[in-house]
Amino acid sequence: MTTNLLDFDLEGLTAYCEQLGEKRFRATQLFRWIHQRGASDFDQMTDLAKSLREKLKSRAHITALPVVTEHVSADGTVKWLFDVGDGNAVESVFIPEDDRGTLCVSSQAGCAVGCRFCSTGHQGFSRNLDTGEILAQLWYAEHSLRKRFGTEDRIISNVVMMGMGEPLQNYSALVPALRVMLDDHGYGLSRRRVTVSTSGVVPMMDRLSQDCAVALAVSLHAPNDPLRDNLVPLNRKYPIAELLDACERYLEFAPRDFITFEYCMLDGVNDQPEHARQLIELVRARGDGKSWCKFNLIPFNPFPASGLLRSSAARVTEFATMLSNAGIVTTVRKTRGDDIDAACGQLAGDVKDRTRAAERMAKQRTIPLKQVS
Ligand code: SAH
Ligand code: SF4
């Protein structure tokens, strides 16, 4: 089996080139061809010696994931379903905004955390993606969008690890992928514009702060342990106090001076004034009176098996106002790509089911651009 060069960060590719008896700077050239130019054919890489290209052709390849479906929403959001084999698929979503382009990337097929309000969690865990499979989502999205828009300019300015899976439970594949995102010879994204979202894997938050301190979002969803134990089962292992301690430690290394807390608004479950009051107390007890976190309230995207409902808009506003009045910066997430089921927690991936679902959606409401299987 030959090696997929998408699996390497620059250090790994350099070691690989050295094994082939090549100079280190060749790795940088190759890396730039792959990630900056989107090349997958060694013959395109005209500034590499023919002998090196031949060597690479016989031992390596640059292969993204097969695209099962690609859908474009009326608001410009694009969702891809990628086949990762054995009946599994993962999704990535591109969200264009006036001043940025954000790609939401998956880290696992399924997820072992099993949050009650998350359809990925309800599927269970299939497997970790490897570094190449995480990066393939960005590589494909960036370069296919450039082609579509007829530009050589960078399209994706922000990456959020908020697709399927718990990124900090796939740490060893995640970190090299993040390094490629940040590398000036790769995607050159700033640490502030790459966000890892976690349900709270405390020891790995500490490791991330040392290995690759990108922006951090923490999925809190509840202001007390009994409720969080129920919604996010990982809380039984790392309860709220330990999680918030880890957030404070992370802040010393973080590229921004705040942590973002995500809070999914569930009707009658975690959206009462009492819950807002408890959150305010949690926040005030830390940070020495300084503002150290923000809240992002996410209206729940319902799916039948959850047995949960979305909080009313009035309740979300009331909750947001309570937090804001207490001096906590609070935003309510806009839902984007609703017509293509591209919203948080709707990313689910049995390839057979999803292919059928995607085909159904395509017929009903979306513009299928192409379907490659
Ligand atoms: N596993 C990581 C990242 C992926 S989930 C994490 O949990 O943080 C990305 C975000 O979507 C998380 O905040 C998650 O709690 C939220 N989410 C999951 N299911 C949702 C749903 N049905 N409606 C709204 N948000 C949801
Ligand atoms: Fe996993 Fe995140 Fe979904 Fe929880 S919300 S089940 S951690 S993907």
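Quick reminder: no glycine exception, Cβ is built from N, Cα and C everywhere.
What TrEMBL annotates here:
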- Glu91: active site, proton acceptor (ACT_SITE)
- 97-339: domain 'Radical SAM core' (DOMAIN)
- Cys111, Cys115, Cys118: [4Fe-4S] cluster binding site (BINDING)
- Gly165, Glu166, Ser197, Ser219, Leu220, His221, Asn301: S-adenosyl-L-methionine binding site (BINDING)
- Cys344: active site, S-methylcysteine intermediate (ACT_SITE)
Glu91, Glu166 as recorded positions, winner by CB count within 10 A:
Glu166
I'd like to know which of the recorded positions listed (Glu91, Ser219, Leu220) lie near ligand 1, counting only a CB under 6 Å away.
Ser219
Return only the integer: C-alpha distance in Å from His221 (S-adenosyl-L-methionine binding site) to Cys118 ([4Fe-4S] cluster binding site).
12
Rounded to the nearest angstrom, how far is the Cα of Cys111 ([4Fe-4S] cluster binding site) from the Cα of Asn301 (S-adenosyl-L-methionine binding site)?
17
In Å, rounded, how far does the Cα of Cys111 ([4Fe-4S] cluster binding site) sit from the Cα of Gly165 (S-adenosyl-L-methionine binding site)?
5
Among all chains shown, work out which of the binding-site residues Ser197, Ser219, Asn301 has the most CB atoms within 10 A of its CB.
Ser219
Average model confidence [pLDDT] within the domain 'Radical SAM core' (97-339):
96
Among the binding-site residues Cys115, Cys118, Leu220, which residue has the fewest other Cβ atoms within 10 Å of its own Cβ?
Cys115
Between Leu220 (S-adenosyl-L-methionine binding site) and Cys115 ([4Fe-4S] cluster binding site), the C-alpha gap once rounded to whole angstrom:
11
Hey, how far is Cys118 ([4Fe-4S] cluster binding site) from Gly165 (S-adenosyl-L-methionine binding site), Cα to Cα, in Å?
10
